[in-house]
Amino acid sequence: MSTTPATPKVGFVSLGCPKALVDSERILTQLRMEGYEVVPTYEDADVVVVNTCGFIDSAKAESLEVIGEAIKENGKVIVTGCMGVEEGSIRDVHPSVLSVTGPQQYEQVVNAVHEVVPPRQDHNPLIDLVPPQGVKLTPRHYAYLKISEGCNHSCSFCIIPSMRGKLVSRPVGEVLSEAERLVKAGVKEILVISQDTSAYGVDVKYKTDFWNGRPVKTRMLELCEALSSLGAWVRLHYVYPYPNVDDVIPLMAAGKILPYLDIPFQHASPKVLKSMKRPAFEDRTLARIKNWREQCPELVIRSTFIVGFPGETEEDFQYLLDWLTEAQLDRVGCFQYSPVEGAPANDLGLAEVPDDVKQERWDRFMAHQQAISAARLQLRIGKEIDVLIDEVEEQGSVGRSFFDAPEIDGSVFIDGDHGFKPGDKVRCRVVDADEYDMWAEPI
């Protein structure tokens with residue numbers, strides 16, 4: 001009497017940024033198409049894949065810790081992702097890992113899984129229940145859309161180009177077809193991600209591709225125009241403040257894409273920006289922000305900054321605080337500088353900022369920006385907003401407005417049971433706010 005072969009099972013841990021999450025989704029989609037079952041525990045898996053982060057040393061430490069945990073609990077571990085470019089460092093700590101690959105090495109990861117636990121020979125991918133949009137690790141109502149790999153910048157604090165390579169833009173027709181599948185599957189919000197969204201298409205000289213039989217240039221403006229036709233929220237992340245960003249502001253003002261820009265300014269002091277090898281035109285940037293807001297008063301700007309970069313003086317830091325007062329950014333994150341192995345900043349010969357000074361500056365930065373953010377959110381009280389529901393709890397619902405990207409920004413809280421479910425879009429009036437969150441009532 002024949003028996004049905006057991007379904008091969010894979011455990012998966014995804015660390016790091018949304019771009020790494022998209023890599024994980026691609027690998028999982030391929031494995032699911034080949035009949036593998038993805039399981040949530042180490043003990044139920046035949047093999048575990050760990051998609052690592054290698055952006056800063058603390059992320060590497062977390063990656064090594066998770067690899068060790070997977071080895072202890074399962075024993076069969078495949079490593080991929082950004083830290084995978086440092087195979088020696090990984091094998092020095094965990095010599096028993098079965099395979100180590102870098103980011104975007106989808107085929108190699110799948111092949112490594114095959115070697116440990118081959119796919120079932122009787123599996124028919126034509127009848128497998130893999131959705132057309134692939135496997136997604138986000139809630140059903142929003143998804144990340146990665147438009148390119150790599151980066152052409154050489155920021156002194158960053159090693160991403162050495163891990164992910166130079167900019168490689170995905171064909172715009174392919175990107176738009178993926179977005180269309182996502183929306184048809186119920187996605188209400190598309191979060192556009194890359195290492196440098198504003199540079200999309202530079203590497204292919206903005207060549208024309210085709211989507212649904214019509215020509216579309218491989219460029220941020222044309223991509224946004226096409227995405228706006230799908231009927232979902234479109235949110236732009238990792239945008240550099242280049243002149244071509246001016247072109248998408250009218251789309252935001254017209255309500256075609258969300259009036260939201262995620263721009264990693266990193267600092268404001270010209271001296272520090274020069275050391276970071278970042279664009280050092282802070283005065284032009286302020287003028288650009290003012291111009292954007294004149295065209296689109298609803299515009300929300302989120303950014304991230306680094307304090308305590310080598311050579312940063314109290315004067316530089318105060319310059320940054322003054323710049324924040326001028327810029328009036330809405331959503332801001334801040335990190336204390338942490339040396340990254342292999343980063344050019346290590347060789348600049350600049351004075352290190354003591355840890356206690358970094359902490360003190362971080363505290364001052366956060367207090368300064370929280371006051372700005374709180375004041376800006378207070379201006380929303382009494383106004384109407386659309387809220388996309390993320391969670392429904394016993395005491396009420398939690399969602400987000402155009403102000404709020406998932407995971408990194410604030411939330412909108414709606415008290416009471418209104419019968420909402422995740423993915424619903426609800427028109428509300430803001431009744432209260434603090435420095436991060438808003439409270440609203442359905443209209």
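Any Cβ shown, glycine's included, is placed from N, Cα and C.
Around the Cβ of Cys82 ([4Fe-4S] cluster 1 binding site), 28 further Cβ atoms fall within 10 Å across all displayed protein chains. Sequence annotations record features per position, and here Swiss-Prot assigns [4Fe-4S] cluster 1 binding site to Cys17, Cys53, Cys82 based on sequence analysis.
Per Swiss-Prot, the feature [4Fe-4S] cluster 2 binding site maps to Cys151, Cys155, Cys158; the stated evidence is sequence analysis.
Sequence annotations record features per position, and here Swiss-Prot assigns domain 'MTTase N-terminal' to 8-118.
Swiss-Prot lists 137-375 with the feature domain 'Radical SAM core'.
The average pLDDT computed over the domain 'TRAM' (378-443) stands at 91. What Swiss-Prot records for 378-443 is domain 'TRAM'.
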Three-state composition of the domain 'MTTase N-terminal' (8-118), taking helix and strand from DSSP: 55 helix, 22 strand, 34 coil
Binding-site residues compared (Cys17, Cys53) - the one with the fewest other Cβ atoms within 10 Å: Cys17
Inter-residue Cα distance where the pair is Cys158 ([4Fe-4S] cluster 2 binding site) and Cys82 ([4Fe-4S] cluster 1 binding site), in Å: 12
Whole-number Å value for how far Cys53 ([4Fe-4S] cluster 1 binding site) lies from Cys151 ([4Fe-4S] cluster 2 binding site) (Cα to Cα): 16
Least Cβ-crowded entry, counting other Cβ within 10 Å, from the binding-site residues listed as Cys151, Cys155, Cys158: Cys155
Tally of residues which DSSP labels helix, strand or coil - the domain 'TRAM' (378-443): 1 helix, 33 strand, 32 coil
